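Engineer: Take this structure, written in structure tokens, and hold onto it; I'll ask about it next.
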Amino acid sequence: MAADNRHRCLMWFRADLRTVDNTALIQACQKYQSVLAVFIATPEQWAAHDVAPIQVDFIRRRLAVLQSQLAELNIPLRIEAVADFNAVPDRLTTLARDWQAEHVFCNKQYEWNERQRDMAAGHALAEAGIKFSALEDTCVLPAGSILTRQGESFRVYTPFRREWLRQFQQSSALAQPVPPPVSPSDGADSFGSVIETNFGPSWMNYPLADSSHWPVEEDTIRDALMRFCIEHVADYGEQRDFPAVEGTSKLSPYLAIGALSARQCVSAILHEHPYAIEKQDAGPFAWLNEIIWREFYRHLIEAYPKVSRAQPFVGWTRQVPWHSDKAALARWQQGETGFPIVDAAMRQLKATGWMHNRLRMITASFLTKDLLIHWQAGEQWFMSHLIDGDLASNNGGWQWAASTGTDAQPYFRVFNPTTQGKKFDPNGEFIRTWVKELEKVPDKYIHNPHEWSGAASLEYPAPMVDHKSARLHAIEAFKQAKATAEAG
């Protein structure tokens, strides 16, 4: 469609902080010659959603880069701050009116509160005579497009993946090119300096944590993706479960804030490994499989809103008698459980804002099964600390580990944290990195330090539970919960 020289539009950025392969931005640039971009910070909403301070700092830094990228397209970026989602529609409408924009573009978000916000924004804009377009962008294949033969959303991952692959191979859903430059906006100068790079008072003093370990520059992100696809993905299947090895891509923070798209990842992997889909026992497919898991959880929250409204997917698990033990929860949070692999993982999370995926499963299983503490307590703690936190993946992972989600871990399968440590950190290299109290413990005892003859000299707690007994207790609790639900 030819650009309309007379009219203006507004591009509303949310979790899509990139100019490359951004569906809404491309549409805005193609259809309008004058474009204003806006990002609306909502500190009180972030707090309610447990958004990690390190992720907010990451977003802040990425927005500064995005400002420069948009400036090259003659698109000014304005940062607005309101308390929460309820205040967004009025602010967005006011800005669109002031800018004399006839159209607002954004990319869809699937979480329940975000959907309600967008619905309200659409109504407010319509009343002002302003068009509103929320476009599919987050997933490689749009949420709601992967259905069973009965026209229903999949609840089990494997058939979802099969249908996803079938549709993907018939589509051209790969990364799109950088949007073309647009001519200078005729009203851009009226806004003057539209971004505050320090984001001080305008972000209402939301607590920040240092995210500088994670680069935010476009070239660096793209290089990291290509380097992983070229140099490391071949070994991904064998190395991804070992936390002491740099065996994962560590691209999840960029996917979470939309500095990188899932389409870019899929396009890169298939460019370097054209037969990745056919060779399903190799590393490239193993990584693609993780991207499809990410898609699965996003399709789920779109199809089943209860998942993003603090509800278990499996109804009978509401009957599980979760323990309310604040002291036990605190020991897990601080990495003081007496199980080295669990403690190392929790300390890594607190110190860096990131945790290896295998460790996320181990620590989640420990909290929900060994301690029988509600998965929502763990979900909340992870979200409040993870730089790559996003509701769909975090909730999906926690409900999988807690056996409350769709296609979840069976409740009678409980990870043994000691066995997991021996298998995936055999020499204790990762443990010693994060649990300094165990640095001098011999390899033979690194996973059971309390059995070492020198254990008395360690300033390290004994195991807070007996795993064997805790496992049996958890299985019985789930079994009884299921029986109660079925009987009543």
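Including glycine, each Cβ sits where the backbone N, Cα and C put it.
Note that the coordinates shown come from a computational prediction; the quantities given were computed from them, not determined experimentally.
Pulled these from TrEMBL:
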DOMAIN    7-140  domain 'Photolyase/cryptochrome alpha/beta'
BINDING   Tyr236, 248-252, Trp287, 290-297, 388-390  FAD binding site
SITE      Trp322  site 'Electron transfer via tryptophanyl radical'
SITE      Trp375  site 'Electron transfer via tryptophanyl radical'
SITE      Trp398  site 'Electron transfer via tryptophanyl radical'
Engineer: Based on Cα distances to Trp322 (site 'Electron transfer via tryptophanyl radical'), point out the closest of the recorded positions Tyr236, Lys250, Ile292, Glu295, Trp398.
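Structural biologist: Closest candidate to Trp322 (site 'Electron transfer via tryptophanyl radical'), judged by Cα separation, is Trp398.
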Engineer: Do any residues at least six apart in sequence from Trp375 (site 'Electron transfer via tryptophanyl radical'), in the same chain, have a Cβ closer than 8 Å to its Cβ, and if so which, in order?
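Structural biologist: Pro312, Ala364, Leu367, Thr368, Trp398, Gln399, Ala401, Ala402, Thr404 - these are the non-local Cβ neighbours of Trp375 (site 'Electron transfer via tryptophanyl radical'), listed in sequence order.
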Engineer: For Trp322, Trp398, listed as recorded sites, tell me which one has the smallest number of other Cβ atoms within 10 Å.
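Structural biologist: Fewest other Cβ atoms within 10 Å, among the recorded sites Trp322, Trp398, is found for Trp322.
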Engineer: Specify the count of other C-beta atoms within 10 Å of the C-beta of Trp287 (FAD binding site).
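Structural biologist: Cβ-Cβ neighbours of Trp287 (FAD binding site) within 10 Å number 26.
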Engineer: What's the number of neighbouring CB atoms sitting within 10 A of the CB on Lys250 (FAD binding site)?
Structural biologist: 14
Engineer: Kindly state the mean pLDDT of the domain 'Photolyase/cryptochrome alpha/beta' (7-140) in the predicted structure.
Structural biologist: 96
Engineer: Applying a 10 Å Cβ distance cut-off over all chains shown, what neighbour count does Tyr236 (FAD binding site) have?
Structural biologist: 23
Engineer: Neighbour count, 10 Å Cβ-Cβ cut-off, for Asp388 (FAD binding site): what number do you get?
Structural biologist: 23
Engineer: Across all chains shown, how many C-beta atoms besides its own are within 10 angstroms of the C-beta of Glu295 (FAD binding site)?
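Structural biologist: Other Cβ atoms within 10 Å of Glu295 (FAD binding site): 24.
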Engineer: Around the C-beta of Ile292 (FAD binding site), how many further C-beta atoms are within 10 angstroms, looking at every protein chain?
Structural biologist: 22
